Amino acid sequence: MKRKAKQEIEQEVVEKPEEEEQMEDVLENGDVDEEGQDVEEEYEEMEVEEVEGKTENGNGNVNANSHVNGERSTFKVLGNQEMKNLETLKVTSSWVQNATTFSATIDSSTSQKLSKIDLPEHLTVPSAISTWFPVQFSVLPTLFSEISSPPALRPRDVAIAAPTGSGKTICYVLPVLAAVGSTPSNKLHAVILVPVQTLVSQIVDEFRR
Ligand SMILES: Nc1ncnc2c1ncn2[C@@H]1O[C@H](COP(=O)(O)OP(=O)(O)OP(=O)(O)O)[C@@H](O)[C@H]1O
């Protein structure tokens, strides 16, 4: 179908809703329009144009509402006219896919005895701690062993995702204290970044315990 004819049909559909109803009736009955062209065929062609993202509106801009099976299939970069096909992106990185998982529940069945982790000699656990929470038991043994026996290659980063209040702070407080050793020097040992200031005093308290 020629572009002009398609625009005319679009305008008819937008400006004359009652005629749209008539068109639907015609479609159901498999009728033809005044010009003798099969109306159903016209609609099908319009849908194909929309899926391909090439339908033009009255301003000559390309219509970005292209959908396949109800999902958007194309997009337009601002300032450009061409439609681009959406590509499936793999957003989960390998370190997330291969992550060590642990229980998000803290109870007697998921907590571990203190004796299950060998602490550096100069470190003692605060009296309020009688068991290791799941996240601590998953992280601390590896970090302590890398501090006492540093690997040939620099240790990789550790990223932890665990619910609030699950005990993540101790996962870096104890390793930092272990790395500093029993006789701290004045040099910078660690930098801790937190998103809000109130967390700073909580972390300082955790170090002092
Ligand atoms: N093994 C433990 N046994 C008992 N209490 C603990 C243990 N580990 C941490 N806590 C206490 O639980 C509370 C929450 O711990 P923490 O602040 O480390 O959680 P968090 O995961 O860092 O939370 P947020 O995501 O809000 O920073 C703190 O008061 C902390 O002292």
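Quick reminder: no glycine exception, Cβ is built from N, Cα and C everywhere.
Source: prediction; values computed, not measured.
Annotation source TrEMBL lists compositional bias 'Basic and acidic residues' at 1-16. TrEMBL lists 1-68 with the feature region 'Disordered'. Annotation source TrEMBL lists compositional bias 'Acidic residues' at 17-50. Residues or ranges marked as domain 'Helicase ATP-binding' in TrEMBL: 149-209.
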Legend entry - Three-state composition of the domain 'Helicase ATP-binding' (149-209), taking helix and strand from DSSP: 24 helix, 0 strand, 37 coil
Inset, instruction - Compute the average pLDDT of the predicted model within the domain 'Helicase ATP-binding' (149-209). - result: 89
